[in-house]
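> Sharing a structure with you now.
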Amino acid sequence: MNILERAALTALHRMDPEKAHSLSLSALRSGLVPLPGPVTSPRLATVVGGLVLPNPVGLAAGYDKNAVALAALMRAGFGFLEVGAATPRPQPGNPQPRLFRLTEDRAAINRFGFNNDGAATICARLAMRPRGAVPVGLNLGANKDSPDRAADFAAVLAACGPHADFATVNVSSPNTERLRDLQGRQALTALLEGVMQVQAGFARPVPVFLKIAPDLSDADLAEIAEVALASGIAGIVATNTTLARDGLRSAHARETGGLSGAPLFERSTRVLARLSELTEGRLPLIGVGGVASAEEAYAKIRAGASAVQLYTAMVYQGIGLAARIARGLDALLLRDGFGSVAEAVGTGRADWLT
């Protein structure tokens with residue numbers, strides 16, 4: 001991390017977390033943030049669920065909810081971006097305060113509740129983004145007051161799919177009441193059928209991923225793996241934030257909401273490895289949760305991920321983190337004799353299944 005980035009982070013950490021978040025996006029949009037540009041190599045370039053990625057380090061949904069800083073983020077060293085979640089209608093989300101830094105734990109808790117500008121506005125921004133080598137996907141959400149949340153996911157995909165490189169069905173946010181109920185076999189099967197019917201009508205392929213919670217039993221994971229394999233989706237994103245609070249030291253540890261960051265790493269990686277075992281490598285997995293270094297990204301890949309995503313770690317290490325992780329990952333692959341990311345996927349899975 002350079003001196004400028006460190007100074008900016010110090011200033012941001014003196015602000016309310018949500019205001020700091022908004023200011024960081026404004027700084028990116030205005031061109032005030034030095035950006036490293038694309039990061040790739042023959043080892044890092046990979047294909048995940050039909051997406052051609054310059055590197056496997058992605059931006060998780062939730063940072064740029066409304067797709068306002070895409071041009072800058074495409075130059076920030078990420079191999080792919082995910083914006084949203086978008087819901088059919090705009091909604092304000094839950095009352096503030098709803099974002100909390102847990103500095104001692106290198107973590108955050110949020111209870112945003114899918115606050116966003118709505119699908120129509122976000123779709124328009126996706127359509128106007130610069131085209132390049134970095135795929136941009138959309139996280140699909142449901143309105144809090146919707147009488148048919150499953151239909152909401154299909155509606156957002158229908159509206160925005162033509163302007164997105166991929167889409168992620170988010171049934172795992174803990175901040176919309178009963179949303180996680182859609183992870184059950186019957187509900188999930190019906191939901192994915194509706195989404196895939198919409199996808200089938202597009203003129204070009206738009207891979208669909210499913211984002212799951214980390215707070216699932218082995219039986220739950222087995223059901224999800226079975227449904228996912230039968231549905232025709234492109235892959236699974238594992239995982240969203242957790243409701244667990246094990247071992248936290250920060251004053252905000254008991255705030256309601258989803259916990260992200262370093263404390264999530266082991267829990268989410270064990271879920272990832274279990275899914276890799278259940279799907280027998282037939283379904284690409286994207287590992288999310290606590291990735292803050294090249295070593296942690298590499299661990300996720302060796303546990304079964306074809307790519308990774310990060311967000312909370314940037315709160316503590318800055319926007320340059322993605323490029324640093326990608327370069328470090330390249331060095332780790334070279335060190336261990338892997339010619340590509342794909343060669344390393346799942347090679348350490350057994351370590352996470354004990």
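One is the number of the first residue shown, and numbering goes on along the chain from there.
Cβ from N, Cα, C; glycine included.
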> Select one of Thr40, Thr239, Thr347: the residue that Swiss-Prot places in the FMN site alongside Ala61, Gly62, Tyr63, Asp64, Lys65, Ala85, Asn139, Asn170, Lys211, Gly261, Gly290, Tyr311, Thr312.
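That FMN site, as Swiss-Prot gives it, pairs Ala61, Gly62, Tyr63, Asp64, Lys65, Ala85, Asn139, Asn170, Lys211, Gly261, Gly290, Tyr311, Thr312 with Thr239.
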> Compare the Cα of Gly113 (substrate binding site) against each of the recorded positions Ser173, Lys211, Gly261 and report the nearest.
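Going through Ser173, Lys211, Gly261 one by one, the closest to Gly113 (substrate binding site) is Ser173.
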> Between the Cα atoms of Tyr63 (FMN binding site) and Arg111 (substrate binding site), what distance do you get, rounded to the nearest Å?
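The separation of the Cα atoms works out to 14 Å.
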> Give me the non-local Cβ neighbours of Ser173 (active site, nucleophile): same chain, 6+ apart in sequence, Cβ-Cβ under 8 Å, ordered along the sequence.
Ala85, Phe114, Gly141, Leu179, Arg180, Asn240, Thr241, Gly258
> Can you tell me the CA-to-CA distance separating Tyr311 (FMN binding site) and Arg111 (substrate binding site), as a whole number of Å?
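Taking the Cα atoms only, Tyr311 (FMN binding site) lies 15 Å from Arg111 (substrate binding site).
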> Using Cβ-Cβ distances, find the residues under 8 Å from Asn139 (FMN binding site) that belong to the same chain and are at least 6 apart in sequence, listing them in sequence order.
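Spatial neighbours, sequence-distant, of Asn139 (FMN binding site): Ala61, Gly62, Glu82, Val83, Gly84, Ala85, Ala86, Ala167, Thr168, Asn170, Lys211.
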> For Gly261 (FMN binding site), what is the secondary structure by DSSP, using just helix, strand and coil?
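DSSP assigns Gly261 (FMN binding site) to strand.
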